[in-house]
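Since the structure comes first, as structure tokens, the remarks are kept for the end.
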Amino acid sequence: MNNIISWTAEDEAIIATNTDATECKRCAVELGYWKDEYISYFVKHVDRKAPEINRGYYARVKAMEMFIHQFLERCGTQCQIINLGCGFDTLYWRLKDTTQAVSNFIELDFPSVTSKKCHIIKRNKQLLEKICKEDGEVIIRSGDLHSDGYHLLGCDLRCLKEVRRKLEAGGATGDAPTLLLAECVLVYLRPDAALALLQHLASSFPRCVLLVYEQCNLGDKFGEVMVRNLSARGCALAGERHCREPAAQVERLRGLGFDEARSWDMETVWRSFPEEDRVRVESLEMLDERELLQQLNTHYALTVATRGDLFADLDLNS
Ligand SMILES: C[S@@+](CC[C@H](N)C(=O)[O-])C[C@H]1O[C@@H](n2cnc3c(N)ncnc32)[C@H](O)[C@@H]1O
């Protein structure tokens, strides 16, 4: 029997943030900021975004990639990646095209997002063939997709019982080195739900890296305007009070069971990129509002929390 779940208008607005993110990523890819052969399957048409938005997305994607590669360098491909609030992220397919495809890749999002993603995968051979090993089986049932090494699972991250059940169904194991991705998702969870989720993840995976990309410094004037604008679109940031200065994120994650944590605002991350990358990206589009980009950059942060000695030295540009 199908469970009939009704989402609130607020949940719908949160779900719609995936469309925004996918459109912004596709726009930046089309303009040459980075390469992604798969993003166009997930969103058909996009209007051009402002240069500061494109540059912000470049920094976000590159920063996540920088740490994903550091994780893989340390543990090789016998590991698992768990993508929380995955939306239409294409990382699984991008890794498949390199030598870095991992043993198990699990993606979690609301069922309405995962069932759409399942549908798009099923309709596009280029996506489907990458999740299907020779003689392998792909099972699509109730908005979930299971294959050998890739699991796309619908669940509400606010419900720990469901998260546990889905991770088990996806074959997650505490024995493997684990990369946990939370790109613009924890901020949408109530603080108690985020806390329970993070504590559970830290205790379940003794060798892990958690990458969190989300807003920071929301307590200042510019931050307040960001929160107000989102809330006017029906999208409340339930976890807003944890999006303070990066040092507060570090404290919070250490307190939740991670051994080490570091956090940088995106202006610091941007300055850590190799000069040739920054020069190339800066030449793609004229930017009139450098100050606005700087303000945006200082209101987003990348936080890296780790458990286990193997990952203790993860750092910007190491
Ligand atoms: C801004 S999008 C980011 C998508 C993707 N991580 C990326 O960066 O491209 C936020 C995603 O988190 C998901 N999300 C937010 N709250 C969630 C919850 N309680 N349970 C499951 N997914 C959630 C949304 O559905 C959406 O796909």
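Cβ atoms here come from the backbone N, Cα and C positions, even for glycine.
Features as listed in TrEMBL:
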type: BINDING; residues: Arg60, Gly85, Asp156, Leu157, Glu183; note: S-adenosyl-L-methionine binding site
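Structure coloured by features recorded in TrEMBL.
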residue: Arg60; record: S-adenosyl-L-methionine binding site; Cβ within 10 Å: 22
residue: Gly85; record: S-adenosyl-L-methionine binding site; Cβ within 10 Å: 24
residue: Asp156; record: S-adenosyl-L-methionine binding site; Cβ within 10 Å: 19
residue: Leu157; record: S-adenosyl-L-methionine binding site; Cβ within 10 Å: 22
residue: Glu183; record: S-adenosyl-L-methionine binding site; Cβ within 10 Å: 22
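Here the binding residues for S-adenosyl-L-methionine are Arg60, Gly85, Asp156, Leu157, Glu183. Their largest Cα to Cα distance works out to 24 Å.
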